[in-house]
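Scroll down for the structure; my scribbles are underneath it.
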Amino acid sequence: MPNPLSQELRLQGLVKQELELKRRRRLEFHPEVEARYEQDEGPSRRRWLVRGGVVGLMIWNLFVFNDWFMRNDQFGAVLSWRLLMTAYGACILTAIWRNWVSPRAREWILAGALPMVMLCACVILRLTSNEMRMYDPFVFSLAFLVINISLPLRFRQALWMSGITLPLTALSVGTDERLPEQARIFAIGLMAGTTLFTLQACYRIERSSRYSYLLRLRETLAFRAAERRADGFARLSQTDPLTGLPNRRAFDLAMPSRWQEAALTRRWLALVLIDVDNFKQYNDLYGHPAGDACLKRVGEAMREHLPPQAFLGRIGGEEFAVLVQADSAAQCQRVAEGLRQAVEAMALPHGATERGVVTISLGLALRSPSVDGRADSFMASADAALYDAKHRGRNRCAQASNYGDLEAPAAARAGS
Ligand SMILES: Nc1nc2c(ncn2[C@@H]2O[C@H](COP(=O)(O)OP(=O)(O)OP(=O)(O)O)[C@@H](O)[C@H]2O)c(=O)[nH]1
């Protein structure tokens, strides 16, 4: 299955092509663009058609007053034809409204309304004996106006249905001997002219709505692509390329939000600054590439140890930082000590440390944040604690304030 990104890029290319090739003159897009057109515009077109159809049916039925005065003798029969057409229209509109039919079928079914309306109108005209009936055919043009323009039909369907309906209606009116000849000629001429003009308008409406859709789609796709690029840049600018962990910039952004989160949930927030012990010597002993690999492994070991919601970033050369929430100070201390153990447990050989393996020193600062409190001294506290851990002999976690030193377990120190 193609991924959404490549699909969008392909669509972007197709839209560009459509705009360049002026294919829009054919009132049909490339199938993929056409599918997207229906997806984006279909629901609003359905709503519009249903609304327009309901208004059209209301107008159609308002003529019942006219029937009462003009065709009183045949009122029952005329009313039946009106109701038949209304029922037919209601079925079509329900099918469109409930989306029971495909987009293509929707357009053709709707277009079928034009010959149906004209059929009913011609039958009603035949049923009428009143001398005022000669004015009836002049109203026929109204159907072309409403259906071809007001709805409007799509141009292809409008062309076909008008092409079928106009000659048949003209035949019916033209052969109606009870109509004066001049009225017949004039009514047919009016219908033909109306059909022509409404078809032209129908074409222009569809063409310009398709063209403006293409422009909108082009903008939407370009905007999405720009957003994706911006997201990518933001991710890159906040990621350390060596370890794939968040970098200092990401840490600076995370700090205030983590602070607020902890304040709102009334939990402890721990900041742990971590420094790889004697890392300069590691580089000197094993080379810079090995140093890089070591930093990656240290990052991975700590990430695995931390809960998923904890922040872990590489904020400097061989310096990492952790932000983690906990329910108690003791829990924070356990997390920090766990990090130290996790790195030591990797047992990466290091000829210049006491234990003979890569170890880390940690400075832990704890806060119980308040919403309007400030994190200003947080970093300085953790930094001071880290300094303390280094001075006390490395491979340990020291804690800022008066919580005391979190010693490495006795067993670990015994082996050093
Ligand atoms: N391989 C590698 N080395 C780095 C990188 N960034 C910083 N370093 C090295 O990390 C070393 C840090 O050395 P120092 O700040 O003296 O600290 P240290 O040797 O770890 O000593 P202590 O921190 O006191 O235990 C320097 O030699 C840097 O060149 C990196 O991305 N890759």
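Here the Cβ of each residue, glycine as well, is placed from N, Cα and C on the backbone.
Over in TrEMBL, the protein carries these features:
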TRANSMEM  48-69  transmembrane segment
TRANSMEM  75-96  transmembrane segment
TRANSMEM  108-128  transmembrane segment
TRANSMEM  134-151  transmembrane segment
DOMAIN    267-402  domain 'GGDEF'
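A contact between the transmembrane segment (134-151) and the transmembrane segment (75-96) is absent, since fewer than 3 of their C-beta pairs, 6 or more residues apart, lie under 8 Å. Per DSSP, the secondary structure of the domain 'GGDEF' (267-402) breaks down as 60 helix, 34 strand, 42 coil. In the predicted model, the domain 'GGDEF' (267-402) has a mean pLDDT of 92.
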